[in-house]
Amino acid sequence: MAKGLLVTYALWAVGGPAGLHHLYLGRDSHALLWMLTLGGGGLGWLWEFWKLPSFVAQANRAQGQRQSPRGVTPPLSPIRFAAQVIVGIYFGLVALISLSSMVNFYIVALPLAVGLGVLLVAAVGNQTSDFKNTLGSAFLTSPIFYGRPIAILPISVAASITAQRHRRYKALVASEPLSVRLYRLGLAYLAFTGPLAYSALCNTAATLSYVAETFGSFLNWFSFFPLLGRLMEFVLLLPYRIWRLLMGETGFNSSCFQEWAKLYEFVHSFQDEKRQLAYQVLGLSEGATNEEIHRSYQELVKVWHPDHNLDQTEEAQRHFLEIQAAYEVLSQPRKPWGSRR
C-alpha cells in the first residue's frame, strides 16, 4: 500500500523523536536510531521536516521495484559519514558507562559497540554496508589505543571510513508483519538500554568514575581551546547544578549525588591543573597579577611570532598558539569553589 505524505507528517509531529514516521515508512534502522538518540538529539528530527517528501517517495518507489540496483554504488555522503562517527562515539560512551567492568572490555565490548553504532547509521534508508569489514576495522583499531577512553574516537573514525568504502544498496526483501518488526526493534532497544540502566542504578560510583575519566581525556584534548572546554564542562555538570538548584544542600544526602559532587571536584581540579600549566607557559608563578600576565604575554608573543622566526616556523607557530591559549585561560576571572557550584 502506498505511503501518504500527510500521515507521515502527522506521525513525525506526534512521535518523531521516537521514530514513528520511519516505522510507518518501513525504515526500521532509522526508527531504531531515532529511538536510541531521541531523534538525533532533536536536531535530526527537526531537520527531517524538509526531507519527508523524499522519504515517502523512496518508500513508494521501493514497493514498486522488483530488484535492487546491482553494480551501482550509492553516492558518498559527508552527512552520513559524520553521523556514523558521532553515533559510533555515542555507542562507545554508553558501552564505557555500562560495560567497562567486563574482562577485555577494550578488546571486545568497546569496538563491538562502536562498530554497531556505525553500522546502524550505515543501514539508514536504502543503503547498508559490509558487516564483517566494518566490525573488523573497529577490532583492529582497538588494541592500538588499549586502555584509553579516548580510543572511542579513532575506532569510530576507522569503522566509519570502512563502512563508507563498502557502502551499497540494500537487497529487496519481502515485507514483514508489523509484530515481527516491533519485536526485533524491542529486543535491540532493550539490549542497548538494559546494561545502561543497570549500571546507572546499581553501580553509580563506578559509572561516574569512568565518565570522569572519559571526559577528562576529552578535556585534555580541548586544553588549548578554552571555549570548547568550558562548554564540555557545562554539559557534564548540568545535572549536578540543576539538582542543587532545585533541592539545595539537603538534596545531596543520596550516594548518587555525592558521587556527582566528586565528579564536580574532579573537573574543578582539572581546571586548576590547566591554570598551573598556563602559568608555566607564560613563565610566571601562580598568583601573578593581571599586569604581570599581560606584560609576559606581550613579550612572549613578540619573541615567538611566526613572522619573526622564519627559520623555525613550525616551532614558533606551536609556541605562539600555546601562549595565546595560556593567556586566554588566565584572563578568565576565577570563581571561588563555593560560588562555582
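Each Cβ is built from the backbone N, Cα and C atoms, and glycine gets one as well.
As annotated by Swiss-Prot, domain 'TM2' applies to 3-50. Annotation comment: Swiss-Prot describes 277-341 as domain 'J'. If you look up Swiss-Prot, you'll see 5-25, 30-50, 81-101, 105-125, 138-158, 185-205, 218-238 marked as transmembrane segment.
Here the domain 'TM2' (3-50) has, by DSSP, the following mix of helix, strand and coil residues: 41 helix, 0 strand, 7 coil. Taken together, the residues of the domain 'J' (277-341) have an average pLDDT of 78. In terms of DSSP secondary structure, the domain 'J' (277-341) contains 49 helix, 0 strand, 16 coil.
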